[in-house]
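Features as listed in TrEMBL:
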- A:GLU44, A:VAL448, A:HIS502: Mg(2+) binding site (BINDING)
- A:CYS63, A:CYS66, A:CYS496: Ni(2+) binding site (BINDING)
- A:CYS66, A:CYS499: Fe cation binding site (BINDING)
- A:454-465: compositional bias 'Polar residues' (COMPBIAS)
- A:454-477: region 'Disordered' (REGION)
Amino acid sequence: MSSETKKIDIPFNRVEGDLEVKVDVTDDTITDAWSCGTMYRGFEAMMTGRGPLDGLVITPRICGICSLTHLNAAAVALDRIAQVTLPDNAIRLRNVALMAETIQSDLRQAVLMYMADFTNHKAYQKHPLFKEAVARYQMLSGSSVVEVIRKTKRLIEIIAIIGGQWPHTSFMVPGGVTSIPYVPKLMQSRLIFNRFLEWYEKKVLGCTIARWQAVTTRKELAQWFEERPEHRDSEVGFFIRFAEKAGLDTYGRGNDHFLCFGNFPLPKDTAVTPRVPGTDQLTTPGFFRETEYLALDAASIKEDITCSWFEQKPVVSHPFDSVTRPYASGNMGKPYSWVKAPRYDGLPAETGPLAEAVMDRVPLFLDLIRNTGATALVRQLARITRPARLLPDMGTWIDELLAHHADPFYTPVKTIPDGQGAGMIQAARGALGHWVTIENSKISNYQVITPTAWNGSPRDGQNQPGPWESALKGTPVKDPDNPVEAGHVIRSFDPCMVCAVHIVKNEK
Amino acid sequence: MKTVYWLQGGGCGGDTYSLLSSDFMDVSELFTTLDLKLLWHPSLCSIDPAAHERLLTDIASGTTPLDILMVEGSIIFGPAGTGMFDTFRGRAKKELCHTLASHARYVVAVGTCAAFGGFGAGHAIEATGLQFTKKKKGGALGREFVSGSGMPVINLAGCPCHHDVIAGALMAVASDVPLELDRFQRPLEWYNTMVHQGCTRNEYHEYRVEESDFGEMGCLFFHMGCAGPLVPGPCNKLLWNRHSSKPRAGVPCFGCTSPDFPKSNPFFHTPNIEGIPLELPKGVNRAHYMVYKGMAAEAAPERLKKRSAKV
Ligand code: SF4
């Protein structure tokens, strides 16, 4: 039997900026994939030679939906260089704001970007839940869309209370934060939080967070499903029902290496406990390979530019030593993307909410992966239920801020000394790192590796595909003009091409 | 019913996320109430790639009228004027921008990148705004460009632009309400007052009670690099996300509504000579200002010197 291989180019909407994926399709199945970031924004031109604090203002502009996360990474890198110890309140305030940003991102991604594809008429008009999907997820008018816009907008008010505005504030500075929120404002934050929590439990989960946390296996998930109509009608319930019938539990498996930088440092005096005992942050840093958990080793992170449109010297380097000069464009030779290929210990690695769940040993996700592998469904389920893991601790920290209100929020840092520091944290989309070098009181090198660079990486010198390039292989494509299945796979990684577009040095 | 196409160029998406915080009205209500049909927005639409191609052909041939073109992000011309640093299906996106703009009744630049080039202007990516590159008129569409309505590009400056400004401008153009523009084509409605006006630190500024580190309550202008008295904009007058603004939270205004944002001198620091900022509040006379500030500092009330007035 001879089967013909078709080559199709898929542009992706609903991601920040620009992404095009080229795939080979044989017998209605993707047999190979190349992920191409089509935009280059050349940020570092303006970082080099600037004042040491300037990353706090410039890097949030890398990405509008996780601007605070970039701010946090930039601030952590400077905290390290200044070797300053933060007051507990500053840690709490930073964590609360970052959690609010992460949670809005998870819900907007799930409902406005992911489930929106369920209204794709050409692909799903025969799906038994199509009508309901349209009623919920029709752009700008679906019931869930309208609700998510309203509720996430309210949640973000907490960031405005803490930091002045969202997006693009710069309230995190080395040593802590720029302001002390007044007690009534903190109480308002608590009330905004309470309302959001109530809505999340009722509409997104369909049960209390405690009930959801009790679901620890695939079998228990099936029981939870049958238990009450509210569970089936919730966003989580509907997502599972629709996705299973559409087959999202059968494809989209990445390379099964998971990377996490860890996040939310714990204040010295706090009731919040780490997910894995013994670490000093809430979510766990580390690398997962096959069955092995490895401690995070920052020296194992390298960038490979064999297939990226950058000058090829050096081809592989640690971010502190990376040089990034744009070189060539269009279609030529091996390179095919403006995104570099980050590697951990030489391996491509998936990062994001599912990687966090694996690293935090969340039993349900370990069981799901054991059974079906890390499919598009599992990855997306990890995202929409992550707020259930963050909200309780977020509430605790708001309460602690109220209780410890009279304590300091800032440790003065007079000047930033020369030196090197890395700010490695978890963004909504996964591991984010800023590597900063200050020389003669100026930034001499600033390198960022974003989560999307990990997930949407092109091939490297060993010809290893990036995680979503791997995940696309084996994905069915019923209609090459409307490759919605490929969209499900890539969107389960929550791509954000704007931030993947590499920060580079100006070529002068 | 009027049609809207939202083009994303070289930007961060921050203006889209700002717009989602629009409160009166929220985004979905805004579009229904104004009877606007969103033909395309990269994050808020779900048409398949083939349908998007057809839409672009129909706009280009005039079959589908385009009433409002909203552009977010700069127009990228690098390398060497080719635009290949930002492509759409292999073609430079600057060309798509040109085609759409030539068919639109109104063209609105949302955010400082689209208005003036923003972060990439003057750098390797050769970013420009739609009708300006920093302070220089011209940009991607040219000095003489006017859209179908006879208006030049409407520049909603800000990084990001305030949500109420984007919503307000949409209301205006959807109803053909004329917007009066300043010399950088920013609507006077939102850009005829300084960011300074409405700042809760204003009294500290008046008596020159200065702040020289974070976490204090004084004015951020004299040492901390605040551009509040230097640039026009609605922050402080219109609160962000219903609650606050950067200066209220102790973060200096970075002057993001200005065509030359971001400047090359370091943020969080005011260039000065002997404590007097090089750049003085818009429109003041240097000699008078120095006398006045000296006296004001002398006359400062105790409650301000003690920083007991909350901000
Ligand atoms: S902090 Fe900035 S905006 Fe506020 S009064 Fe001072 S100069 Fe004006």
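Even glycines carry a Cβ here, placed using N, Cα and C.
Unlike curated entries, TrEMBL annotations are predicted automatically.
A Cβ distance under 8 Å defines the sequence-distant neighbours of the region 'Disordered' (A:454-477), meaning residues of its chain 6+ beyond its ends; these are 8, 19, 21, 23, 25, 28-37, 247, 251-255, 257, 259, 304, 306-308, 315-316, 335-337, 339-343, 346-352, 376, 429-431, 483, 485-486, 489-490, 492-493, 495, 497, 500. Across the fold, the C-alpha of A:CYS496 (Ni(2+) binding site) and the C-alpha of A:VAL448 (Mg(2+) binding site) stand 14 Å from each other. With a threshold of 8 Å between Cβ atoms, the binding-site residues A:CYS63, A:CYS66, A:VAL448 that neighbour chain B are A:CYS63.
Neighbour density for A:CYS66 (Ni(2+) binding site): within 10 A of its CB lie 31 other CB atoms from the protein chains shown.
Of the listed binding-site residues A:CYS63, A:VAL448, A:CYS496, the Cβ environment within 10 Å is emptiest of other Cβ atoms at A:VAL448. For the recorded site, A:CYS63 (Ni(2+) binding site), the DSSP three-state label reads coil. Across the structure, A:VAL448 (Mg(2+) binding site) and A:CYS66 (Ni(2+) binding site) are spaced 14 Å apart at their Cα atoms.
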